[in-house]
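Structure record follows, encoded as structure tokens.
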Amino acid sequence: MIRALALILSCQLAGEVGARLLSLPVPGPVLGMALLWALMVLLPRVAEAVMPVGEGILRHLSLLFVPAGVGVVGHLDRLGPQALALGAAILISTALAIAAGALAFTLVARLTGSHDA
Amino acid sequence: MRDVAEIWSYLAQGPLLWLTLTLLAYALADLVAEALGRPPLANTVLISVVLLGLMLWATGTPYATYFEGAQFVHFLLGPATVSLAVPLYRQGARLRRAVLPVLAGVVTGSVVAMISALAIGRALGLDLATLASLAPKSTTAPVAIGIAEGLGGSPTLAAVLVILTGITGALIATPLLDALRLRDWRARGLAVGTAAHGIGTARAFQVHPTAGAFAGIGMGLNAILTALLAPVVLRLFL
């Protein structure tokens, strides 16, 4: 478990360093995710060791957003007189984006015959 | 017996109290959501945030004090993002069969999220600095903050809008996708991860493992896409 955790953190560290060295617009952890994925594909033994630990961290992914969410409560007044316009923009555009993204996936899946097994 | 106020002031100095209360609030929220059969409106993030917000307000505790305890939970966001490689690896075969649909879904979701938010915002009279903070709202917080700053927006406002978007996406995704009769877990997850980043992805994992894995892909790809496209799209609204 310690080795798997060390590997996950090492990927994050490498991602942070890599993103800054190469001035990539991607956050370090996202680059770290790509790195860990490549390692798992190349080395099945690594994959076996990392899977239970990674799944353990992801089991309560929602919890990890709570501190940032609490921070938002204190900044809600920053929205000020624009709160209504911002709320409308967020609600409508998020609904449109979810619908459009899911429809585009479904349409292209049908055209290319990509069935879910 | 010692004075309660004395014990409080001792506890308020260390991280133990608010770390414990964060976990307890989440455990309670999870229990409530479970008891109600996990309806989309009983979102565990939203319930925990409201509970903790009320506690901070009632005790007059500043956010900085709260965060000293909560930072240990917050820190795990990084390793959790890296760990999204695990469901990605598990679903590898599925993903290889769906490369084109995934790209179509992410590009469409990303562009629609930005253009519709900016169009609505401008129609309702938002100024340019606010629009710049709004443009990257569907992507993960660190990317959104960087983009908003680069475009002349406010990093704090961008972070607030990112979280509000995530919670909104987690709340509306299930009823919306049900109404559209879209039952493919890959399409549902990908769209939610693209439009509502990690909070949407967390919700997708609660609903179905395939949806969760594809949400993680959507979130990761949209982080890259938004960084590339946001400056171009915002220019359309100058």
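Each residue, glycine too, has its Cβ placed from N, Cα and C.
Where the annotation comes from TrEMBL, it is an automatic prediction and has not been curated.
Over in TrEMBL, the protein carries these features:
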- B:12-29: transmembrane segment (TRANSMEM)
- B:41-60: transmembrane segment (TRANSMEM)
- B:98-120: transmembrane segment (TRANSMEM)
- B:157-177: transmembrane segment (TRANSMEM)
- B:213-237: transmembrane segment (TRANSMEM)
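Long-range contacts of the transmembrane segment (B:12-29) within the same chain, counting only residues at least 6 positions beyond its ends with a Cβ under 8 Å from a Cβ of the stretch, are 44-45, 47-48, 51-52, 55, 61, 65-73. Note on the transmembrane segment (B:213-237): residues 84, 87-88, 90-91, 94-95, 102-103, 105-107, 109-111, 114-115, 118-119, 122, 128, 131-132, 135-136, 138-140, 143-144, 146-147, 150-151, 185-194, 197-198, 200-201, 204-205 of its chain, located 6 or more positions outside it, place their CB under 8 angstroms from a CB of the stretch.
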